[in-house]
Amino acid sequence: MALKNLLALVVLLGVVGVSVASPYENPFRKSQSNPGTMGNLDLDYYRYKCPQMEDIVRRVTIQYVSPKPTLAAALLRMHFHDCFVRRRSPNLTLKGYEVVDAVKSALEIACPGVVSCADVLALVARDAVLVIRGPWWPVPLGRRDGRISRISEANLPSPFANVDTLKKNFSDKGLNTKDLVVLSGSHTIGVSSCGLISSRIYNFTGRGDFDPAMNPNYVMELKKRCQPTDVKTIVDMDPGSVDKFDSHYFDAVDQRKGLFISDSALLNDWETKLYIKTQVWTRGASFNRDFAESMVKLGFVGILTRDQGEVRSRCDLVK
């Protein structure tokens, strides 16, 4: 039965993952919301340069993610990280890098020096989410890899941020408030550790209290799992639905069960709160479509094209 399901998945990926020959216009070009990102990408960029590229990416991704579905969250996070930090090499400290490395190695055998690490990561993230039955989105291609990375440009959203800071983080990248709340929905999969929430549940204001934005019953559940000095124990980001890519994350946030301060903060802005309530009321009717649209936009953030940057032979090494 497992083999039958895997074969069905391969067929599904083959159907939805075939690129159509057409340029894909940069969504930021018309709005000028991100003037530093003006290049266009193409769904069919590798048709002649490396025609088997997407099949190779798909095959290796399935090989790694099918037996270990938790990799999907890690790979999605890695793509997000790459988009927010000037298309540098993937962060080798992040879980899931072995998948990117395996895909890149296979591509270097088939088409040496052709496919960028940035494109590999964008495709791997999409295909990994699809392996766990999440939404599919088109991935326009033609990115180049960055040569430099400045910590001052690493404007990554923090799990401790309030909603105004989060909105600025996203706005700085040309993404809007809807993108913020929609992409936060990726917390429906993945885990964190007790160390990131310890002060929130044990000593929020220095008086031995917990964050009043949290559901007291949820705090009690977390305390059973996380002792005050525990920094390593794993905690689900979406309690009750961590293994499934769905809209349950919004139900959890609405019930004041957001794991991070940044999750709970989404209830403090009328636009993000309205989106959360809408997903709860409609049981996530638009979430998959919205997520796909925001992922396409995210894929254009900070891109390098044409003669910018480089194409690395190894993702962990600048030429």
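Here the Cβ of each residue, glycine as well, is placed from N, Cα and C on the backbone.
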Going by TrEMBL, the cysteine from C226, C315 that pairs with C117 in a disulfide is C315
If you check TrEMBL, which of C83, C111 bonds to C50 via a disulphide? C111
Other than T188, D238, D246, which residues of the chain come within 8 Å of the Ca(2+) 2 site, judged by Cβ distance to the Cβ centroid of those residues? G185, H187, I189, S241, V242, K244, F245, S247, H248, Y249, A252
Tell me which residues of the chain lie with their Cβ under 8 angstroms from that of C226 (disulfide bond), as long as they are six or more apart in sequence? C194, I197, S198, I201, T233, V235
Would you identify which of the recorded positions C50, V85, C111, C117, C194 has the most other C-beta atoms lying within 10 angstroms of its C-beta? C117
Residue among binding-site residues V85, H187, T188, D238 with Cα closest to the Cα of R77 (site 'Transition state stabilizer'): H187
Row H187 (heme b binding site), column other C-beta within 10 angstroms, all chains, value 25
Distance, H187 (heme b binding site) to D238 (Ca(2+) 2 binding site) (CA atoms, angstrom): 6
